[in-house]
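Novice: The compositional bias 'Basic and acidic residues' annotation in TrEMBL covers 118-134, 194-204. What TrEMBL lists as compositional bias 'Polar residues' is 175-191, 1360-1379. TrEMBL lists 1380-1389 with the feature compositional bias 'Basic residues'. According to TrEMBL, the feature domain 'Pecanex C-terminal' maps to 1084-1308. According to TrEMBL, the region 'Disordered' annotation covers 103-162, 175-204, 1360-1396. According to TrEMBL, the feature transmembrane segment maps to 36-53, 59-77, 321-340, 346-363, 384-404, 424-449, 456-481, 501-518, 568-591, 597-617, 752-769, 789-813.
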Amino acid sequence: MGSQVVQTLRQGVWASLTGGWYHDPDQNKFNNSCHLYLWIFLLMLPLSLHLALPPTTMALSIYCSAITAFFILIKVANYRLHVLFDEGEAVIRSSLSDLSKAQDKKSNASDACSEQQDVQRREGATRSEGDETLKQQVSPTEEFHLCRETTSSDSPTVECPETGLDNLALQLTSESTPSPQITNNSSSGIDMNSHPDDTDPLEGKPDTQGFLRIPPALGRYGPGGRTHIRGLSMDSGKDAVLLSDRSNTVCGALQSSVLKKRTIIFWDLFIFSSEASTQEKPKQKIYYKLRLFPGKWINILYDRLTLMALLDRNHDVRENLVAVFMAFLVSFLGFVLLNHGCFKDFWVFQFCLVIASCHYSLLKVHHHCVNHLQGHNQLVAYSRAAYFCIFCTLIWVLEQLLIIKDLPISNMYGVTIVCHDALSFTYCFPVTFLVGLFPQINTFTIYLLEQIDMHFFGGTAATSLVSAVYSILRSLLALSLLYGFCFGALKEPWDEQHTPALFSGFCGLLVVFSYHLSRQSSDPTVLMSLIKSKLMPTLVDSEEEEEEDTDIKDPLPEKLQNSMKDILLSDLVVCSVAYILTFAITASTVFLSLKPFVTIVLYALAGTVGFVTHYLIPQLRKHHPWLWISHPVLKTKEYYQFEPREDAVLMWFERLYVGLLCFEKYVVYPAIILSALTNDGFALSHRKNCDVFLTTVAGLKLLRSSFCDPSFHFLTLLFTLVFFHFDCPRASESFLLDFFIMSIIFHKMRELLLKLHFILVYIAPWQIAWGSAFHAFAQPFAVPHSAMLLLQTLLTTVFYTPLAPFLGSAIFISSYPRPIKFWEQKTVVDLSFGYFYSFTSTSMSPGCDDNNLNSIFYEYLTRSLQHSLCGDLLLGRWGNCSAGDCFILASDYLNALVHLIEIGNGLVTFQLRGLEFRGTYCQQREVEAITEGVEEDDACCCCEPGHLPHMLSCNAAFNLRWLAWEVMATKYLLEGYSISENNAATMLQVYDLRKLLITYYLKSIIYYLAHSPKLPTWLKDESIQEALQSYTKWHHIERDPQVFSVKIDEDYVHCLQGVTRASFCNVYLEWIQYCSGKMENPVDCDEDSPLVTLSYALSVLGRRSLGTASHNMSNSLESFLYGFNTLFKGDFRIATKDEWVFADLDLLQKVVAPAVRMSLKLHQDHFTCLEETEEASILYEAITNYRSSLVICHESDPAWRKAVLSSRDTLLTLRHMIDDGTDEYKIIMLYKRHLSFKVIKINKECVRGLWAGQQQELVFLRNRNPERGSIQNSKQALRNMVNSSCDQPLGYPMYVSPLTTSFAGTHRTLSSIGGGALSLDAIRTWFCSKWLRLVMCMYCNSGVNMEDVDCGAGGSLSVSHNRPSSVTSNSLSLYQNRARSSHSRRHHNSGTSPHN
């Protein structure tokens, strides 16, 4: 614990203050010293220049040039070294760890080891003199075994006593000068010399006599002439003797005697100095040749990891240029402020410290600020410098503006727009980065642009940086066009009897732009793909062909493009009609002539419709209306159904809700805003000021927001009227600006209420859920800081930042601002398999847990929500929704968190996060809390007096009010898969059941063989027939006891101990003949036919593959299941006898492999219909039906994911699960049906706060405890379920979907209310149907027999009423033409049939 605190203080607190510099004990001294001096240089350079030189342009130029040159030098060197490590040639050298020159070049004549010249001069000396000298130099205090040297005829050897074999050592001393080839190991890592023996091999090679020879590199001298050699002969069964190249010297020619087999020999050669003996090991060093000039190069001893520890890597030239430019910008803006005298005394040093921290972060990123769990992010290096440049630019611009005497300062509601002091932002730089109030620069950019677009232009949430830039640019483009029309219309004053046509055109364009922008998603990806498909169809066709080749084509992109196409076609018609109507209404001066009465009627209408639509109806549809009634007042038809089998029925109150919502969006609020625009425009035409721009912004924002989400507009409108007409009438500017300002304030007030509700619910003392001892300690200490908590709540509400509980306790701290999307990670789904690869690769091993396999069900649930979510929200089935709301969908086994990110006019962008099927104990407790009912609670305080009919008890109503979540619906239907699983071990425990499975296996092989189109080719293939000659003999017996057994083989002959052709025909000949009779071109199927031979051979191959996969242990149930699961996955191990099957792999892929899977289904049906499966006709019909209606494959097969996403009705698979020590095989059956979910709405500020708290705890505080208190169950906040839904690795969701957009046109029942999307084809179809009905009525009134006309009219009416509502269907005109042509052909045939 103490080391973790010290590490957090060093790498967290101190590094945040200095911009990333801290002393890292894990790094070497050179790196730490470089970091220290680098930071001191960056700090003292601006400070010394500012104090020594006058504040002139010359000082600014010197500082900027020095910093720029310094960064260019470092970045170029760093980039060049990384390129060298990537592409350069590495030279390996082996040397000692500490190489230095000898202290004394003179050697003693009595030394046993000397330089090469001394050894050569003493070659003639006798061996005895050498031995005496050797004995004299041995220290008497050292314990060793001295080898006795003898001479033989071949070569001298060293003899040692047997007692010394385990510790064979020879220690010698020498003072000699090292070889000139030894490299000086300097700290710079650069060697200017060349080394001819750099590439000497390090492995020992045997010589001509079979001895292992020591490499020359290992025999080099160390410091002071010391050397250390260790040889090792492993147990190889051969005698090994170590030899050196210097065979004539005492040090280099030491040889060991021939030892016995399987003996490991260690022998060490030590040379002791006069002071102490040191043992050193040879180290391997890698040099890189860096060419400075042609013909001149140097050796670089550095490696990549050491360089990355010294300086961060920039991967390409663009990043280096950005870093250099940011360094120049920081130095320029910082020194400009210093020259202007913005800082005095101590604050000069503090500002120079901020500059140094920004510069240092461009060289070495503070890795603790980076999420080390998710990898390094390059944008962190530019965040601090980017914030510094932003604030310094604001300060500089404001200072220059304040110098201007005639600066037009605008006041609104008594607030001055120009701020006089912005220097305090830079003072707080180290503290703000320490606390973590600044996000990454890309996150901050998304957040800033999103907030501007939402609050000032009425836009929707952004999904990425490209989305944010695209949204703000299109809003600015629309605003610029509208401002031009508005400014031109208000240049000249006009009276109440005449409205200028230019102003009417401005109002029409305002409605058109607002409506069209509200219908478009903030993500331009789909629109760009649609444009690309129209402008470059050849490129799109080639991409589609590649997808078709992979056989995994995803239908989602085509659906999105069709939805976008329908929206654009519909907007073309609607915008034209809306422009004409708006122009006509505003030109009629109805708002000016009836000014007092029209506005009053519109305000009353908006309040009444809004109250009924957004308050009364949603409350009556809740599971507990007003948290007092025990059941919904307005119930759906599915409320009393146990398992609904059809789509949700459209109720009368849903039709009423949609009608009121459309009337409010498209009539009431446009009329109110147009009325305000007309009245304000008339007033502005007589007042020449700059309010034209604000009026245009207000009109655009209010219209777009009313089209997108008018849920709270009636409250904002009523609050605006009450506040500015009764409370503060003098503060009113104009109604449009008042409504605009109050919409922003009211939005923040709702966020404030949600934050306060989350805080009060979380820290309520009567429902405390302490997850650790720290929670109990922090609870009483949070009470005295309530005022600070309230201040934090107000600040976080203004800046839209999460308020996170510290370590999950009752202490709350602010986090950095985030967009509505919240997470920076972009989630993608691998389309080849059914598993998500957002953060980590899913294990595909045979024993992976079922959580990774079950993620496909959440992916299918995402697709179902994509078709129905937007329509269900418009029908009010999820209650009132706004951007950022979070819901939990809970069913029997599926629990998913749905995050609504973008809510537009007819579109919703969301993200689904699937939780584990079998979650932790805490998750199970919270699931029980949201599924249990409170209707039976009769308690009131401490007694149980009961409750009124259809009402909740006092305790139940009180407890529901102190929850951060609320049940919105209990019977929400979605298409999904119900999962049924059976234990395969139970179904195959008995040998007879295994025998039945093998029988179905062989019958399935015969079935697929008979139905293969290649069967005639196989029967005539000479290579196959030649390989199967042995199977044609009746006396041929397969006697593999590890494969065939009387217990599991039906055709096993006990007396012959094997399987024969006769026994096979006795059991399966009837089935072969039946399958052959069902063929289109029957073949010969008697006992001696090639078909029987091939069937017999495949049956043997299939059983032998099963035995091989089972490790030849067919009698063991575990081995049998393992082998069968291996074959089920398609992993066949073919024996040598069965290699004939390689003549055509379709025999395995199209015959044997599907037979394994079909046998499992037939074996499962055996338990339900035993008698039916014994008949050949019924079995044949069952296999035929299953081939077309049932998908049987392994879950790792891409066909499994394709089948699930294609909404196949039934699927079957075999799953191997290893969980908590259990090894099981489950047979999984999937049935497509309507799943019933509970919809639980969670306080979105609760979700954002818990997510931010987890990110801070795991990333900044590095709490790796899997049982930490912040993820323990908390019933009132669903703390475990929310925290487990975080992005990996902070949370552990099974599946995280990409950002998915749902369109209203894909809903099945919503189009029945309004008739679908309005387009030119739909209008033409409607007119054609009305014209045909009129013609039919005219003929009926004339008395003509119009049987044929009735039929024609009926056909046209059926087309008009049953036109497809899906966006992926064909257009209505084509559908109608096909219906007419088919009907005319039927009519012609019916008319000519009597003549035939």
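Along the chain as shown, the residues are counted starting at 1.
Positions of Cβ are set from backbone N, Cα and C atoms, glycine also.
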Novice: Could you check if the transmembrane segment (59-77) is in contact with the transmembrane segment (752-769), meaning 3+ Cβ pairs under 8 Å among residue pairs at least 6 apart in sequence?
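Specialist: No, since the transmembrane segment (59-77) and the transmembrane segment (752-769) share fewer than 3 Cβ pairs closer than 8 Å, they do not count as touching.
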Novice: Same chain only, please: residues at least 6 beyond the ends of the transmembrane segment (346-363) with a C-beta under 8 Å from a C-beta of the stretch. Say none if there are none.
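Specialist: Contacts of the transmembrane segment (346-363) (Cβ under 8 Å, skipping residues fewer than 6 from its ends): 17-21, 38-39, 42-43, 46-47, 50, 67, 71, 74, 311-312, 323, 326-327, 330-331, 334, 337-338, 380-385, 388, 426-427, 429-430.
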Novice: Could you tell me what the rest of the chain brings near the transmembrane segment (568-591), counting residues at least six beyond its ends with Cβ under 8 Å?
Specialist: 496-499, 501, 503-505, 507-512, 515-516, 519, 598, 670, 674-675, 677-679, 1317-1321, 1323
Novice: Taking 36-53, 384-404, 456-481, 501-518 as candidates, which has the most Cβ pairs under 8 Å with the transmembrane segment (321-340)?
Specialist: 384-404
Novice: Kindly state the mean pLDDT of the domain 'Pecanex C-terminal' (1084-1308) in the predicted structure.
Specialist: 87
